[in-house]
C-alpha cells in the first residue's frame, strides 16, 4: 500500500505532531512493514500568477504571448499551451527557478520575444507522475480557478511537499488499504480519539428504480442516484493525491470515486442511468454468457458467477469489471453508483479464471466488513450532496462477539501487561468491552478469538519493551541435539541420492488429514476457528501432501522429481511422531549406456531403503503380514524392528490412488516412523588400518529375477576372502529380466595379490552367481 503523509495528516491532523521515525515505528508495531520512504523533489521559485493578456505570437502560430501578474509584478511569457484563458490562475516558474525535471529557468528569446519565466505543466514539476496523467493533462499547463487556497504555495497545493511510504500490510487486513482505517489504528496507538461514523440518515427513494438481491453471495449492497455528474470537477489538490498514491487520473467523475475508495478501501462502480432498462438484479448466472467489458475485451461468464443485470442485459461481472453496454461516457449526466460487498472467495475464483487483475477485483478478492461498505456509502452521499439520492441499501448484520479474557493476556505473553493500557487501546481501536464479552471493531473481520485480541494488545505494548525471560526447555539441556543430527543425516543422504526435500503445510481438511494413516493414529487434532475448511486439521501423514506436490508440478508441466519430507506428526492419542515419507516417480540410477533401459521399480526402491537404514545403523526385517490398502498386495512390505514392531512400509502405489492426483507414472513409496531412533547415540564403526596397496576392481554382470534378495547376494560375495567391498554399479532391462552389474574390490591389506590369487577370487564370484 502507498501511504501519503499529506492525506493522512488531512484525515487526522493530530498525527502531524508525530515525528516520521515514531510514525514508522508505530506502523511496524501495528503490523505494517515500512518498505521505503520517498520524498517528492519540489521545484523552486514557483508562484501562482493570474493571466492578464493572451495574444497569438506574430511570428509563430503555435506560440502565445502572455502577460501574467504575481505578487503585484507583471511578467511577460512566451507559451506554447492553449488550454487557458484570461483571468485563469496558472503556475509560473520565475527566472532562476529549478524544476523537478532538472530544467533551470533563464531569459529565453523565442522568435523575437523574450520569455521571462515559464508557465508550467504538472509533468514538469512532478516528472515521476507522467504515467498517471491523461493526455490532456500532459499537453496543457496547470490551470486553477479562483477558489484555490491563496495562502499556500504551488508545492503545497499540488502536494509536492509530500512524503510517500510504501507499506506491506497484513494479508488479512484488507481494510488497511483505506486511509480511514490506518488512521484509526495510528490514532489508537498514540492515544488519540478517531471515530468513523457510518450513520446514514437518507431515506431510500425506491421509486427511482427497483433493485433486487437474488444471491447469498451478496453481503451488503447499496446504490445511489447522482445527477449532474459533469459538474463534479476534482481539484488539483485532490487529483495530485491520487497521483501520489500511483492511481491514474481518468476523468473527474471516475477520479471522485477512486478518491473515495482510497479513503475507505471499498471499490465502487457506476452505471449510466440512461442505459438501464427496468430493474437492477444481483444474482448468480444461470447459464454461460459473453460479457464485453469496459476494456473492450470479451469474457466468458460461467454458470454460478455473480452478475448484475437489468431486464435486457448484463451490466457487470460483480466486483470485477463493468459492461461496455452500461458505462459512463462523456455525454453521461446521471449515474447509478453501486457500493457493495460480495463473497470474496467467489470473486477471487472468477477473477483468477478470467485472468482479470482490476483494482476492484483485487480488493473484492479479500474480505471487507459491511461496516466499511456502509461508511463508503455515507461518504458517497456526502460527496455528491444534493445531487445524490439513496435508492437502496441492504446488508447482513454481523457482530463478532467473543468472551472477555483480557485479564489472561499476561499469562499468554509471559510478562506483566498493564490491563488499563490494554483496554484503553482496544477501545480506541473500536472494541466495545463489558465484563463478560467483547464486540470486535465493526470494520474488522480478522478478530475471531481471544488470541487475536492479545495480538492487538501487543501492537501497543511492543514486544521489544518486554524484558527477556530465560527459556526452560528440556532439549536445551542436551549436550548435543541428537534428534536434529539424526534428521540432518537422513536429509543429507537422500539429497545426495538426487532426491528433493519438500516442506508442506501441516494443516489439511479432515479427510486428507486421515489419509495414508499407515501407523494407525486414531485421531487428528482439529483447529478452532480455522481460516478455511481446507486447513482445519493437523495431518497424520506426509504422503497426501507429497502427491499434491507432484500433481501441482505436473499441472505446471514441470518435470517430476523424486521427493521426500521429514515432518512432525501430532496425533491426539500419542506423543509427537517424526515420520519420513519418500516418493519415487522416476529412476534413481542413470544408465551409462541408454537412459531408456532404466526403470523405477520395487527392487531399486528396496535398495535405496537398505542403503538408508544401513547408513542410520537401523536393524530391520521385512514382514508380509501387515498390509495397507493404498499399496499393491504383491508389491508391498512392512518393516519391523527387533521387537517385532512395525515402523515402516515400502511398496508401489495403486493406480486408483494415483488417478485421484492425476498421476500416471509408476510411483513407489517409503514411509518410516523414525521417532524411536531420534535420540539414540550412533554406533561407533570400527575400521581396520588402511591398506598400503591399491584395490583390484572387477565388474561382473548377471541376469537376475525380480524377486531375488540383492542384499543377500552382496553379503555373500563379501564373505569371499580378500573382497572388502561390493556394490551395484549399473542395471538395465534385457528381454524378460534385469541385468545387474556388480563391482567388487579385492585387497589383501598386507601384501600385493598375485595374478593367480586374483583369478581364484574371480572364479569364486562367478561360481556363486551361476546358481542364479
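Using N, Cα and C of the backbone, Cβ positions are placed for all residues, glycine too.
It should be emphasised that the depicted structure is a prediction, and the values quoted were computed from it without experimental measurement.
Taken from Swiss-Prot as is:
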- 40-158: domain 'tRNA-binding' (DOMAIN)
- 397-468: domain 'B5' (DOMAIN)
- 446, 452, 455, 456: Mg(2+) binding site (BINDING)
- 691-772: domain 'FDX-ACB' (DOMAIN)
Ask   = Counting all other Cβ atoms within 10 Å across every protein chain shown, which of the binding-site residues 452, 455 scores highest?
value = 452
Query = Taking DSSP three-state, what's residue 446 (Mg(2+) binding site) in: helix, strand or coil?
reply = coil
Key: 446, 452, 455, 456 excluded, remaining Cβ within 8 Å of their centroid (Mg(2+))   = 444, 447, 451, 453, 454
Key: Assigned conformation of residue 452 (Mg(2+) binding site) - DSSP reduced to three states   = helix
Note = Candidates 446, 456 (binding-site residues); min other-Cβ count within 10 Å returns 446
Local confidence of the prediction over the domain 'B5' (397-468), expressed as mean pLDDT = 88
Query = How does the domain 'FDX-ACB' (691-772) divide up by DSSP, counting helix, then strand, then coil residues?
reply = 25 helix, 31 strand, 26 coil
